[in-house]
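First up is the structure itself, then whatever we jot down about it.
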Amino acid sequence: MKKEKISVIFVCLGNICRSPLGEGVFRHLVKEKGLAEYFIIDSAGTANYHEGELPDPGSRRIAEKHGISLAGQYARQFTVNDLTQWDYIIAMDSSNHTNIRQIGTLTGNIHLMREFDPEGPGDVPDPWARGDDAFFETYTIIRRSCEVLLDHIIKKHHLPT
Ligand code: 4NP
């Protein structure tokens, strides 16, 4: 029997700093739990400024430091088709959230990343051009939020643990 996959996309502005980390961290956590076969995971940006680029070196460095690979990721813009292709759209900040909803009608669930942050809601700060400490802060917020997001999805979809 073919399994229906659960699809999750992380969205920021440029798709080079925050959402590639979301995609990489979430995929890492899913693999750690042996649940890769249940998921489709991606990321995109509401802007097209960096189309085709690799994740920012700051994101790659902080990911590598934690044993997480961002290999195979290239920036792309979030499109109108994405509105209906994903079960979970996870926006990194409130402006991304607004921009996504302005594109058209959604069919899945849209959330802010920090709805799942055990330390409280808010925006995931944009570390772009702000140095390694900023990337570390952003990584830390995304990491703890992704852990809670995955637990939420596991419970909701009755995935094996
Ligand atoms: P991101 O960060 O949205 O986390 O990928 C940014 C990257 C690039 C720009 C803004 C934010 N930019 O203006 O080019």
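Using N, Cα and C of the backbone, Cβ positions are placed for all residues, glycine too.
Per TrEMBL, the features are as follows:
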{"type": "DOMAIN", "residues": "6-152", "note": "domain 'Phosphotyrosine protein phosphatase I'"}
{"type": "ACT_SITE", "residues": "Cys12", "note": "active site, nucleophile"}
{"type": "ACT_SITE", "residues": "Arg18", "note": "active site"}
{"type": "ACT_SITE", "residues": "Asp126", "note": "active site, proton donor"}
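Positions of TrEMBL features highlighted on the structure.
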residue: Cys12; record: active site, nucleophile; Cβ within 10 Å: 30
residue: Arg18; record: active site; Cβ within 10 Å: 34
residue: Asp126; record: active site, proton donor; Cβ within 10 Å: 18
If I take the alpha carbons of Arg18 (active site) and Cys12 (active site, nucleophile), what is the distance between them in whole Å?
6
Taking the Cα atoms as reference points, how far is Cys12 (active site, nucleophile) from Asp126 (active site, proton donor) in Å?
9
Using DSSP, how many residues in the domain 'Phosphotyrosine protein phosphatase I' (6-152) fall into helix, strand and coil?
66 helix, 23 strand, 58 coil
Quick one: average pLDDT across the domain 'Phosphotyrosine protein phosphatase I' (6-152), no decimals.
97
